[in-house]
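As structure tokens, the structure follows; a few thoughts come after it.
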């Protein structure tokens, strides 16, 4: 039990003390949840038997100079496989590894495996039917056809990351949402969906999402320049959604926030940082319809003390407020925050150039405050000690 609290390096060290400690350190409870991080270079016949003896079922491949099938054959009960950043992984290599069903595999990370194409997704959809988490961030050769294959085969998928998959369009999101039932049922159990920087997406994708992905909890649309205020109407009635990221969505304005606030959302987290059409009116809408927020990010938005004044009295649940680079905020705004947002545990004031020591002293008196980011603001040494 004691050994289970040690980090991986120390688990190995205690195993070298004596035979009794070695036997104790090999107990599977000691290694529960541990992920093995491996460089696959030369052959090592004892590697996988050793991992299996410890009950390790999660593996990250740091570098891949041997066949991936070497891993799959060596660990038939593998639960999690992280190949993130293995740039030399090809469709051919993955195809040789996945040649039969692997029912135990729940998590597969292929982030930045840039040679992977739709062909690999066909294999994954065919043989990894129990997959719950699939990371494809930066796999820029994936197209809508690949998403059709995922929608056809991976019905248990709960989390999907498509960050910077530049070829994905509304058609692909339609496949995931079950809009093409004749070809694919869809991934209707999705709870976490990252579409960051998918530039071809429009409001139609949001319509598909709201109709088909009704269990969605977290949706990341940051840097999706093709979505607009109208798309927020579709999202506004997704009652299961609790986190929405619209960071750097240039076409979202106060009108979009109005649509969100007028719906039936129960959002806990909202990020509209760097949406330069967001202003004080949005804060009024948030206070009216999104007052249950626990985290709100408004970095670099065109908000002022007036907007803060219109919001703070209703936001009793707010724990994190990010208003960095909101250059119109002054000490008056900080005083309003200090007076009314008494549950705040974190605030970002980086680049708020109009605040002074007086406003900061009020903020540092917040009873629950643990994180204060000031960045560009210059403080005296004694004041720095006080903030710490």
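Backbone N, Cα and C atoms are what each Cβ position is placed from, and that goes for glycine too.
Through the fold, the domain 'F-box' (1-32) approaches residues 53-56 of its own chain, all at least 6 residues removed from its boundaries and within a Cβ separation under 8 Å. Residues annotated as domain 'F-box' in TrEMBL: 1-32.
Sequence annotations record features per position, and here TrEMBL assigns domain 'F-box/LRR-repeat protein 15-like leucin rich repeat' to 104-176 (among others).
Taken from TrEMBL, the feature domain 'F-box/LRR-repeat protein 15-like leucin rich repeat' covers 186-338 (among others).
Mean per-residue pLDDT, taken over the domain 'F-box/LRR-repeat protein 15-like leucin rich repeat' (104-176), amounts to 97.
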